[in-house]
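Comments concern the structure below.
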């Protein structure tokens, strides 16, 4: 009897185990499908991010084109071009601190944080508490912090040299991009900066997020209190031209309407004095982007870093070879501005020095050997494990720690453990898209990685709902990219639709998408979200545009002009802001026509002069001869009719 009971219990246990294994296998497959969906969504976000950065770098080519082709050959346009370069390459004409700050008083009615100079730990605490309450630091204090930071930064070398000990660790943080909650979480988990708790912040403090000013002020105040224990490296977004596109300029002007321009003027110079790297224990190189086969730390140590105003304005001697074949072979190669050999302006770096800085700010590691153009971003290079070994060995270093790239887990180890990427902005693309991370290390020990993710109410939703939301956001921005090239895509589709049936094969559709958009995406896997496919596998290519359109100021505007305006709206806004030297938000009709013709000639947008003249008359809404270009560019936006329900990537 006892044996029978044991047998029944054994059978029941087997069934329970079998059921548990079935559930476990199902859950593993479910998680694997979610990982595939996350991978594809992140690929979309990253490809479009890099494509946008590529466009930003190509503005450099446009500026060079204007200078080389119009200052001498076209008298009508030369005045405008000269003014643009005067505005973008001006010497910082900043008054001394007392004169500058004397114009801005802090009223008694101001109830935000008040700082006392010289700054102490108390001021750090006051600032953190105020920003937690979403208070705004007065412009007077912002400028005072910037002036103090500039004074201290000027005394620093290009590379900060840091020593650690077994009992004294150092923390390394990557990109924060205006995400204040991430910085607060890091300080909560890891402690505030101090003599016993040093930090390295590896660039890209600003842009994209909504609290770039708060992050910058916290970091600079901490730096001023602990200048030997908090180290700030320059990233590719510590650049006033990048800020015009990616949000920090707009944030400053919104938060500091009266004194925003003064803040921007001083900030531009502070950027140029930020160190370009940190070397820990003479073994670990910490830089924002990466390296190239020509990276020379001796050159980087000796150049005058404050001459690098922006990567968009690269100088080069007219008699020097542009030589570096890796740059010329890129389809989006940025041709630097040429100046006469005997007229190199004193504020310019040499071409070699400029390239050295661009490489360490913009480059990315790859598994493939060698060094080749970073065609995704349009600046810097891709460097392989052999390049890493060569550069580290040459400089008697053991490891490279860099940032610059969002990683799903917040960090990534590559090149046989010699390269570490750390990225500290969680939820960078969308809620749940990635974790943030920071690194702790001390002398003679392996780096320790700490991950986190800022949570919000949406994080309480089921996992599949969060994934659906992330996918939906990814496909929206991908469709916006597609609609901006609608005419080109349709021409490419029709080229392969020999029977004019409106259908082509999936392979032909995928080839056309990549050929026109150049995003290096798995188009076949993404096709179910983007286009209608019949049972035979044929693609109804016009269905790509069923649920999206570009809104335009007037119905009579031609499609190619509408798409061009939408596609280049960010570039045009930067250019118009530069032209608008008095910051009125207005440019004249003549300036509009001239700039459009220059832009059209360089970008080969195939817009004839009559269309430009017609466009100019349309956008002069009140017929006063001036154009409010910000309002004009806002008139071009994408309308999503609906989202396709019930589909997923896996």
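Backbone N, Cα and C define each Cβ position, glycine as well.
Of the listed segments 315-348, 485-518, 519-552, 553-586, Swiss-Prot assigns region 'Disordered' to 315-348. 404 is the only one of 125, 138, 404, 415 that Swiss-Prot places in the Mn(2+) 2 site (with 204, 236, 288).
Listed in sequence order, the binding-site residues near residue 626 (Ca(2+) 3 binding site) (C-alpha within 10 Å of its C-alpha) are 591, out of 177, 499, 501, 591. Counting other CB atoms no more than 10 Å from each candidate's CB, the binding-site residues 288, 503 peak at 288.
The Cβ of residue 236 (Mn(2+) 2 binding site) has 26 other Cβ atoms within 10 Å, all protein chains considered. Highest Cβ count within 10 Å among the binding-site residues 204, 591, 624, 631: 204.
Around residue 404 (Mn(2+) 2 binding site), the same-chain residues six or more apart in sequence whose CB sits under 8 Å from its CB are 174, 175, 203, 204, 235, 236, 288, 289, 290, 361, 362, 364, 421, listed in sequence order. Comparing the Cα of residue 177 (Mn(2+) 1 binding site) with the Cα of every entry in 497, 499, 508, 584, these being the binding-site residues, the smallest distance points to 584. Within the set of binding-site residues 580, 584, 591, 624, 631, the entry lying nearest in space to residue 503 (Ca(2+) 1 binding site) is 631 (CA atoms).
The two recorded residues, residue 631 (Ca(2+) 3 binding site) and residue 499 (Ca(2+) 1 binding site), have Cα atoms 44 Å apart.
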